[in-house]
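> To start, I am sharing the structure in question, which I have written as structure tokens.
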Amino acid sequence: MAGLDEAGRGCLAGPVYAAAVILGPRHGIRGLDDSKKLKPIERDRLFDRIQQRAVAFAIASASVEEIERLNILHASMLAMQRAAEALNPVPHHCLVDGNRLPKLFCSADAVIGGDAIHSSIMAASILAKVARDREMQRLDAEHPGYGFAQHKGYGTPMHLQALKALGVCVQHRMGFAPCAQRDLFASGLVDLTAEGGDVLDGAYA
């Protein structure tokens, strides 16, 4: 049985990532938890440990272009589908975090809050989160000034201020309101740093 989860669905920039993990009954991986509850150093340690001890794992993504074409929900489902299809051995059943199911080749259950319940989903959430964070660090070097390495694409005050000053880059999701309003930033007609202007994780989920 495999666990599936995604990372980066609520971001303003960058791809969405997903992972699928099959764990054995005696995987011996201590400290598994929802990736959002772990410190970066803990996630990095578990990232390596999961890959060493899992029966199988796969990490996949959907690009910004795919997010724009499909919308963020369907792009997230596509990333999870890709991760599941890359598993070897093939799972007979999947547990998917959330309330929606991607198109899969096997039976599956959607589990709300699954990343706090099932160890395989916890492991998938960690792989997806760390892989995506590392990609955003790489993109930070390609697109300096936005702070991708710090906020990982989420709509923090730092990111919104950078959008106001620089406009968007090719890694921004134009279907999300703060990015779509790029033409208004320079004019001063939109102040995304005003109170109530923050975009939080999951706001567009």
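Keep in mind that glycine also has a Cβ here, set from the backbone N, Cα and C atoms.
Just so you know, TrEMBL annotations are computer predictions that nobody has curated.
What TrEMBL lists as domain 'RNase H type-2' is 1-188. Sequence annotations record features per position, and here TrEMBL assigns divalent metal cation binding site to Asp5, Glu6, Asp97.
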> By the count of other Cβ atoms within 10 Å, pick out the sparsest of the binding-site residues Asp5, Glu6, Asp97.
Asp97
> With the divalent metal cation site defined by Asp5, Glu6, Asp97, which remaining residues of that chain have Cβ atoms positioned within 8 Å of the Cβ centroid?
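So the extra residues in range turn out to be Leu4, Ala7, Ala18, Ala19, Met80, Val96, Gly98, Gly114, Asp115, Ile121, Ala124, Ser125, Ala128.
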